[in-house]
C-alpha cells in the first residue's frame, strides 16, 4: 500500500502537469501528507476529481513526509512555494505547527488543514476542524461530572485542556490531567495498564480521552485487558470521529462510552458520497471501498471542495490570479510575500458550502463557525446519536426515551447467535449429526431449553459452539475474558444458553437471568470395588463388642446356673430306674454340673432342646432370663443377617472435602477455567483455602481443560484422583456407563446456572421472564428428569445391582461351613484323644490287676476282674456302659 502511494505521489504531479501545465486553467495546489495517511490521500484525490470543472483544474503537488520533523516540513513547504502553488493543503503537529504558520504569514500562502485548531490568530491558516472545547464542556455539564481524569495528547495542543481547567476552577471540578502524548511506544501497553490501575486507586472511573483514533484504540485495548470496561466506568472520547475507532470490543463490556461525531451518516450528502466511496477499488484508492470514512478524511475531502469553491468565486469576480514570476525562494532574506495571497485568503474565508462535515463557514481568523457536532453514546446495538451541539443552541438532547430492556422488537428479522458448549447432557452432537444441518445437529437439556426460550421470546436463533471450549474466566495477567463470557463481552454472540454459573465477576460484565437450575460444587471419585464378604461375615450383623458380651454372658449364666443348682436343695434328687424303683444308695445326685450347665446354656442360646432342665425355682429363673436374652439377641441378629449377607458394601476412601484436605494420597482438581476454580481461589474458608493452596502448587497439574477430561482422569487414576465439579454434572455422569464414578459427601456451596446476555441487551428481561414462566410450568424439572434419569444407564443402584443383591454366594456363608468342618474335625480329634486316654488308663489298670492275680491266684477273683473289665471297657459291645 505504501509503495502504491509513493508511486502515486511521484506520478500525480507529472501527469497533472502534462495535462494542464500549459493551460491557464490549471491551478497548482500543494499537498503535505504524513506517512500512513492513506485514506486521507485517497479522499484528497477523489475530491480533486469530483470538484474539477471545465473552468479550471486543481493540479496537486504532493509531498509525503514526517510532519513531526520541522526540517522536512521546511524543505517541503519551500519546495511547494518554489513550484508556484496557489495554496497548500496539509497536516501539522505540535512540533511543526509554528514553522508552517510562520511561513504562511510571511509568504502570504494560504494553508488549509484538517489538523487540530490552533490558539490565537494565524493569518493565512484555514482550519477545517471545528473547535471541540464548547461541546466537551457542555457534555461534562450534561453528565454532571465534578470529578474526572483528563488524558490528553500533547501533539494536539493544550487549548482544550486549558478550557477544561478554567471551567474546573470556576465550577470547582476535581480534574486529574495526565499527558499520554510522550509515552514510549515500546512500553505503551504496560504504561497504560499502570496508569489506569493508579486511577482505580484514586476511584477515578470517569475519564476523558482527548486523543486521536490510534491512541484511543491503544488505550481501549488496555482498558479491556485490565477489566475497566465494565459497568461503573464512563469514558468520553474527545475527538470528532466517535465511529472511527474499534468500538465493537468495548461495546458489550457495560461501561458508558460517549463522544462526538462530525460526519453524520444519516445526511443525504454523506450517504451519496459513501455509495461512491464504497465502490472504489482498494488498490487504486487505499483506505476506500468501505461504508465509513474517518473524520480527518472527510475534512480533507471538504478542504478540496472549499478550495475549488474559493477559486470559482475568484473567477466569478474576474480576479486574475497568477504565480508567474512570483515563484521564489521562501528562505530569501528579506522574504518576499506573494502579492495575490491576500485575495486567495479572503476568498477561502468567504466560502460557505455543505460538506461531509456539515455546514462549512469560517470567521475572519479562518476558524469554523456555525457548525453542528453530534453527541454520541455507545449502546449494545452500536453507536447511537443522543443529541447535538451547536454554537447557538449549545447542548441539545434529542433522545428522550431509551428503548425498553424488554423490547425484543426488531428481532423477528434477525437470527440471534446463541453460544453454548459441548457438555453432556446439556449440549451433545446427535449420532447422525453429519447428515444434519444447523440446530438439528445438537440435542440435550440446553438445546431443548433454547428452543423453549426462543418460542417464548419470539426470535430465530442459531446455536454455535464456543471456540475455545471454555465457560468464561478472566486471565489474571491480561484481564481478557475467554470462553462464552468473552464471546458475549466482545460481541461475538447475543446470548449464552449453557451450564454457565452465575458469579459476581461475571455479573460485572454480562447480565444473567434467574437461575434455571440450582446446584453446588461436589466431589466425584472412582466408585470403589465392592468389598468381598469375609470368611466370618456372618458375625457382621452384631458388633464384635456384642459378641464378646454374649460370650461373657454365656459363661456367666452357666456359672450362676451351676451355683444355684448346687445351693438349691430342689436340684438334688435320688436316681430312679426306668420302672420307678429308687436306687439302693442313699446319695443324691445333681444334674447341673459345670459342664451340663454350659451345655444347657449353649442349647438355649442355639434354640435347641436339652435332656436336662432346672427343677428349682432359682434355676428356672436363670433359665428364663437367659431364654429371654437369647430371644432378643437371636431375633436382632436374624433381622440384620439377610442385609449383611446379600448386600456387598462399598467402602469410600473419602466422604467429604475435609477428608480430601487432610490427605495427599488422592489428588484432586477442577476445571481450569470456570466458576469452580474461581470459588476455591476466592474462598476464605480454611478448608477450601487449604485445598486451593494444594491445587495451585500440585505437580503434575490437577486442573483439566474440559469436564470430559476430568471424568476420564478419575476413571483412569484407580482411585487416586478426585474431580470437583457441579453436582448436576456429577449426578449425570454417575448415571452413565460404565457406572464407575460416584458422588461423595454433600455440596460445598450453593449456586445456580443462568442464561447470559451482554450488558444492557434488549433480550435480557424477555429471557428472564421466559425462565420464570418455564419454571412455574414445571418444564425445567421435566427437562432435567428427561436428560438425567429417564435416559440413565445405571439404574437407581448403579449397574446390575438388582441381580447382585438377591443372591448369596459361597463366600457369604463360607465361615459357617468352616465352623462345621472345624467342629466335626474337633469332635473326631477329641474322640480319638478320649479313646487313647481311656485305652491307656485301662491298660495300666489291667496290668495292675494281672500283677495282683499273680500274687493271690483265685478263679473267683479272676472272674470278678474280667467282669469289671467287661463292664468298664465294653467299647464294641451292645450293652450300655455307665462310667
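Placed from the backbone N, Cα and C atoms, the Cβ positions cover glycine too.
Taking the topological domains listed in Swiss-Prot, residue 792 lies across the membrane from residue 843. Binding of L-glutamate is attributed by Swiss-Prot to 499, 501, 506, 675, 676, and within the candidate set 443, 452, 726, 731 the record adds 726 to that site. Transmembrane segment is the annotation Swiss-Prot gives to one range among 523-543, 544-564, 565-585, and that range is 544-564.
In terms of C-alpha distance, the listed binding-site residues 499, 501, 506, 676, 726 place 506 closest to residue 330 (disulfide bond). Residue 501 (L-glutamate binding site) and residue 794 (disulfide bond) have their C-alpha atoms 27 Å apart, to the nearest angstrom. Of the chain residues outside the L-glutamate site list 499, 501, 506, 675, 676, 726, 471, 500, 502, 503, 674, 751, 753 have their Cβ within 8 Å of the site's Cβ mean position.
Comparing residue 610 (S-palmitoyl cysteine) with residue 726 (L-glutamate binding site), their Cα atoms are 64 Å apart once rounded. In the shown protein chains, 19 other C-beta atoms lie within 10 A of the C-beta of residue 739 (disulfide bond).
Residues 550, 554-555, 557-559, 561-562, 565-566, 571, 613-614, 619, 623, 626-627, 630, 634 of the same chain sit 6 or more residues outside the intramembrane segment (592-607) yet have a Cβ under 8 Å from a Cβ within it. DSSP assigns residue 726 (L-glutamate binding site) to a strand segment in the three-state reduction. Residue 370 (N-linked glycosylation site) sits 46 Å from residue 506 (L-glutamate binding site), taking the CA atoms of both as reference points.
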